[in-house]
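These notes are about the structure you will find just below.
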Amino acid sequence: MLKNPFGIKRRQLPQYIAALTVCLGSVASGTVLGWTGNIIEELKNKKFNDIEIDDFDIKWIGSCATLGAMIVCFPIGIMCEKLGRKASMLVLTVVLIGGWLVIIFANSAVMIYIGRIITGMGGGGFFITAPLYASEIAEKRNSRRISYVAHPEIYTIILAVLPLVFAITFLFQPETPVYSMEQGREADARNTLIRLRGDSYDVDAELKEIKKAIQEDRESKISFKESMKKRSTKKAAMVCFTLMFLQQAGGINAVIFYIGNIFESSGTDLDPKVSTIIVGVTQVIATYVSSLTLDRLGRRVLLMISNTFMAIGLIILGIFYTLSERWLVPPHTLMSLGFMPLLGLLMNMVAFPLGCGLIPWMLPAELFPPEIKGLAAAAAGTFNWFIAFLITNFYFDIKEAIGGDTTFYIFSVVCAITALFALLVVPETKGKSFYQIQKELSGEKG
């Protein structure tokens, strides 16, 4: 048992259980992005419901999920405020299951497109609601590869069950105390805090803090137009939108969507599905490590470390493609270098959740003022998924036009630029109050 900021002992297990339950929903959402990773060849070989699927369909099947995620950013913000965080995530679960059912019973490529858009809406919504829920239940201090042995149709059914498992477990979790207080339901907020923190916890102190934060939020609001005139708001918008662009321009979703194809086209003798499982497992471990280091190292440092290693991984991948596609070495030499695609992808995808994957989504909530925070975060999320759509939709066209190696070199340059941008421009928010952050963004000293 650890001590809380008010000097009272607390229990943390219920908080971790609630957070892990939300993580299950995030895993279910992550499978939407990774669905195509290992079954592209099976799809093209009519092994999914005997549907004729060509290269044109593949790129749209891959990218349609990002369109759905883009569509949902503004509505999910409204839902969180009107329905609550818990109800919104349960609605997203219904959307996810509905989308998977459309895919499972699809009899044409167009039906798969529709199912992908719907699952993208459900998955994209979780990118916003899951961090919000987890942050509001926690005290202030603090998947994806099963297609190796499964037929594409069975694999898809398994993925469709994951949101249902999440819904069953999440039904027993409470609404956040912050939302309950915003709705004037103090008794509900009190009961939630007692459940999450323990009977011996001083809930009155935290309730008082929540009340104060809500009151300050309401009193500090000015018009959207006036807020956008402030230097701090302009700087926040520049930082957040630039990071959203750079995150996707680094090619991460192209790698996730087409990871199996990348392994196959590289010519290595490594089994693409085994390699993908290795990448997936190590990425889960990296995500856990990221959660431990986020408030220790700070946002800027993690962004720099993350993007530096992502760039190195992409360079390794690019070099192997250069040797393979341009016939610069004999086949036996290439076979001895077969570890390079796996090493490059491991470095890229393990480094991504360490900073680049999470921080661009966190900063809008930390940098934008309360009066436009919701709208600005939704706009930044919509922009992010629009760039993701462009990258994933045109990945094969770009690769065909300039070569796989040049494509990865370009992605690596973007990652290097992101690391430099983090060093020179991104403000550090670790351990700083909202007032301190706003002063920094305004260019004020001290």
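Cβ atoms here come from the backbone N, Cα and C positions, even for glycine.
Please treat TrEMBL annotations as automatic predictions, because they have not gone through curation.
Among the features that TrEMBL reports, domain 'Major facilitator superfamily (MFS) profile' is placed at 18-430.
Marked as transmembrane segment by TrEMBL: 16-40 (among others).
Residues annotated as transmembrane segment in TrEMBL: 60-78 (among others).
Among the features that TrEMBL reports, transmembrane segment is placed at 90-114 (among others).
Same-chain residues lying 6+ beyond the ends of the transmembrane segment (154-172) with a Cβ under 8 Å from its Cβ atoms: 21-22, 24-25, 27-28, 31, 35, 39, 48, 86, 89-90, 93-94, 96-97, 100-101, 103-104, 122, 143, 146-147. The transmembrane segment annotation in TrEMBL covers 154-172 (among others).
For the transmembrane segment (236-259), same-chain residues at least 6 beyond its ends with a Cβ under 8 Å from one of its own Cβ atoms are 33-34, 36-38, 40, 62-63, 66, 272, 276, 279, 303, 307, 310, 314, 345, 348-349, 352, 356-357, 359-360, 363-364, 367-369, 376, 380-381, 383-384, 387-388, 391-392, 395-396, 407-408, 410-411, 414-415, 417-418, 421, 425-427, 441. Positions annotated as transmembrane segment by TrEMBL: 236-259 (among others).
As annotated by TrEMBL, transmembrane segment applies to 274-294 (among others).
The transmembrane segment annotation in TrEMBL covers 301-323 (among others).
Residues or ranges marked as transmembrane segment by TrEMBL: 343-363 (among others).
The transmembrane segment annotation in TrEMBL covers 375-396 (among others). Same-chain residues lying 6+ beyond the ends of the transmembrane segment (375-396) with a Cβ under 8 Å from its Cβ atoms: 55, 58-60, 62-63, 66-67, 69-70, 73-74, 76-77, 124, 127-128, 224, 236-237, 240-241, 244-245, 247-249, 251, 253-254, 257-258, 360-361, 364-365, 368, 407.
Proximity of distant same-chain residues to the transmembrane segment (408-426), defined by a Cβ-Cβ separation under 8 Å and at least 6 residues beyond the stretch ends, is recorded for 238-239, 242-243, 246-247, 249-251, 254, 299-300, 303-304, 307-308, 310-312, 314-315, 317-318, 321, 344, 356, 363. Under the heading transmembrane segment, TrEMBL lists 408-426 (among others).
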Seminar exercise, completed: Near the transmembrane segment (60-78) in space but 6 or more residues beyond its ends, with Cβ under 8 Å, are 32-33, 35-36, 43, 53, 88, 92, 99, 109, 112-113, 116-125, 127-129, 253, 257-258, 374-375, 377-379, 381-382, 385-386, 388-389, 392-393, 395
Problem set entry | Beyond the flanks of the transmembrane segment (301-323) by 6 or more, those residues with Cβ under 8 Å of it | 243, 250-252, 262, 266, 268, 290, 293-294, 329, 333-334, 337, 340-341, 343-352, 354-357, 359, 403-409, 411-413, 415-416, 418-419, 422-423, 426
